[in-house]
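Take a look at the structure set out below.
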Amino acid sequence: MPVSSREEDTMNHQGAMAAEEGRRGVASLLTSSQLQEESIASNITELIGWTPLVEMKNIARKDGMEARLVGKMEAYQPLCSVKDRSALRMIEDAEERGLISPGVTTLIEPTSGNLGIGLVFIAVQKGYRFIAVMPAKYSLDKQMLLRFLGAELILTGGAPGPHKIQGTGAGFIPEVLDTSVIDEVVTVSTEEAMVMARRLAREEGLLVGISSGANAAACLKIAGRAENKGKMIVTMFPSGGERYMNSDLFADVREECSSMTF
């Protein structure tokens with residue numbers, strides 16, 4: 001059945017409105033016809049999502065890659081990590097199922113830092129009491145940030161292990177992980193992750209964390225394969241680098257700056 005131009009315009013407008021309603025993040029504020037000139041989020045959770053993509057042209061050129069290398073900058077989330085996404089959905093899902101209520105439920109999370117940080121800023125905005133449990137050996141800056149945001153903090157002991165890529169060394173496969181959708185596992189060493197994170201900073205101007213370095217290193221290995229010539233290889237940069245200033249990622253510059261005199 002033919003569609004008139006007016007009907008087509010109406011359908012396009014309705015489709016655009018539906019897309020706007022499903023959006024989150026800064027992009028929704030910039031494009032929403034409902035907000036018109038007042039591009040203001042009603043609360044901090046509306047800024048979660050729609051993070052930008054950036055191409056790593058310098059590294060691709062220097063390493064002779066014929067594929068395009070692209071990273072998704074999750075440091076553009078409100079609290080600077082991809083965990084803001086999962087934190088919001090965890091709380092929303094529990095609320096939708098009637099499991100938790102603001103002012104009644106206390107939220108408790110064992111965390112290496114970023115998920116706890118993502119949960120606490122949403123929790124305080126919604127009116128929940130929040131308790132974070134984390135290893136005492138984890139970075140002091142994350143402990144301080146959790147407390148600053150209003151979390152109650154409980155530290156645990158134990159001997160630290162050799163794993164230095166924070167957030168990826170859980171040592172177990174969670175029930176929610178569907179391994180059938182994984183085509184391949186690319187192995188990246190801690191040293192490779194550190195080197196790549198520093199390269200991203202010094203060659204691309206991208207201040208990202210250790211796991212971002214690991215993802216970029218894996219991305220580079222995939223991009224170097226002959227069958228991927230001319231293709232776009234996209235990876236995720238889960239968090240910003242400032243959150244790891246007390247880690248081994250910054251060890252060389254920390255020592256250098258500490259020894260400087262005037």
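Residue 1 is the first one shown; counting continues down the chain.
Glycine is treated like the rest: Cβ placed from N, Cα and C.
Residues annotated as region 'Disordered' in TrEMBL: 1-23.
Residues annotated as compositional bias 'Basic and acidic residues' in TrEMBL: 1-11.
Across the domain 'Tryptophan synthase beta chain-like PALP' (44-158), DSSP assigns 49 helix, 27 strand, 39 coil. The domain 'Tryptophan synthase beta chain-like PALP' annotation in TrEMBL covers 44-158 (among others).
According to TrEMBL, the domain 'Tryptophan synthase beta chain-like PALP' annotation covers 162-237 (among others). Counting residues of the domain 'Tryptophan synthase beta chain-like PALP' (162-237) by DSSP class, helix then strand then coil, yields 35 helix, 7 strand, 34 coil.
Confidence over the domain 'Tryptophan synthase beta chain-like PALP' (44-158), given as mean pLDDT on the 0 to 100 scale, stands at 95.
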